[in-house]
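Notes follow the structure.
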């Protein structure tokens with residue numbers, strides 16, 4: 001008796017009312033910080049001609065992706081925390097899954113590009129402006145979005161072709177590949193390995209490339225140390241913090257069979273909430289140029 005599931009029930013992070021109110025307060029403040037912090041970075045970079053170097057162009061794009069990434073999950077989560085019945089239509093669930101992987105994979109690729117930018121700035125400073133020209137930056141950013149789209153299309157097509165005819169309770173606060181395909185009414189062994197090799201390998205390969213670039217940077221810094229090198233290295237230190245928050249949970253969740261491990265909804269909070277919150281804090285508090293530009297923008301707005 002085959003009948004297609006028309007909606008899913010999101011179990012969320014907790015089923016107690018007190019914890020739901022506490023989570024709502026915390027995640028509302030976190031979402032507000034993501035929006036305000038990243039919008040401030042975008043406005044600052046766009047309005048200050050001094051912040052025209054490739055690193056700030058990439059940072060501006062990272063802020064935009066962070067806003068998109070957290071907006072895929074946070075608004076829905078905030079509404080569900082105040083709702084008695086946390087239901088999401090099948091089509092809406094698939095759409096959320098698609099856009100989450102679209103912007104998530106695009107951010108992975110962009111962080112890798114930012115690591116390449118820091119590697120070029122430190123290891124090849126004389127050729128930096130030629131290698132990382134504005135045209136090259138646009139091509140790299142476009143490639144990041146295109147790669148994220150292709151990755152998400154694959155994940156989405158592998159999901160929608162599965163039959164969903166029985167259980168419809170998702171043990172998470174948003175629709176993601178692992179908890180959704182666990183509900184399929186068929187053997188998902190091949191599908192989950194295809195998905196793990198897609199999402200998991202993308203996360204792992206990007207992380208390995210990032211670590212490799214940092215190794216080359218440290219080796220270069222050890223050979224010659226200038227004031228400009230230390231300035232670029234400070235930016236790399238901030239980048240490492242962002243990478244750790246974002247990549248390690250993704251590798252842990254996606255680079256393994258989904259059906260044999262329990263739900264990791266609390267770990268998902270790290271890369272869907274904490275990482276977008278930390279990005280504007282890290283890139284502003286540890287960057288004197290951005291802080292100075294924000295202060296000038298603030299004084300102009302007061303006048």
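Glycine is treated like the rest: Cβ placed from N, Cα and C.
According to TrEMBL, the protein has these features:
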{"type": "DOMAIN", "residues": "37-283", "note": "domain 'G-protein coupled receptors family 1 profile'"}
{"type": "TRANSMEM", "residues": "20-43", "note": "transmembrane segment"}
{"type": "TRANSMEM", "residues": "55-74", "note": "transmembrane segment"}
{"type": "TRANSMEM", "residues": "94-116", "note": "transmembrane segment"}
{"type": "TRANSMEM", "residues": "136-154", "note": "transmembrane segment"}
{"type": "TRANSMEM", "residues": "201-223", "note": "transmembrane segment"}
{"type": "TRANSMEM", "residues": "235-255", "note": "transmembrane segment"}
{"type": "TRANSMEM", "residues": "267-285", "note": "transmembrane segment"}
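When Cβ-Cβ distances below 8 Å are used as the criterion, the transmembrane segment (55-74) is approached by residues 27, 30-31, 34-35, 37-39, 41-42, 45-46, 96, 99-100, 103-104, 106-107, 110-111, 113-114, 117-118, 121, 134, 137, 141, 144, 173-174, 235, 272-273, 275-276, 279-280, 283, 290 of the same chain, each at least six residues removed from its ends.
Remark: the transmembrane segment (20-43) contacts the transmembrane segment (267-285), by the rule of 3 or more CB pairs under 8 A. Model confidence over the domain 'G-protein coupled receptors family 1 profile' (37-283) stands at 85, taken as the mean pLDDT rounded to a whole number.
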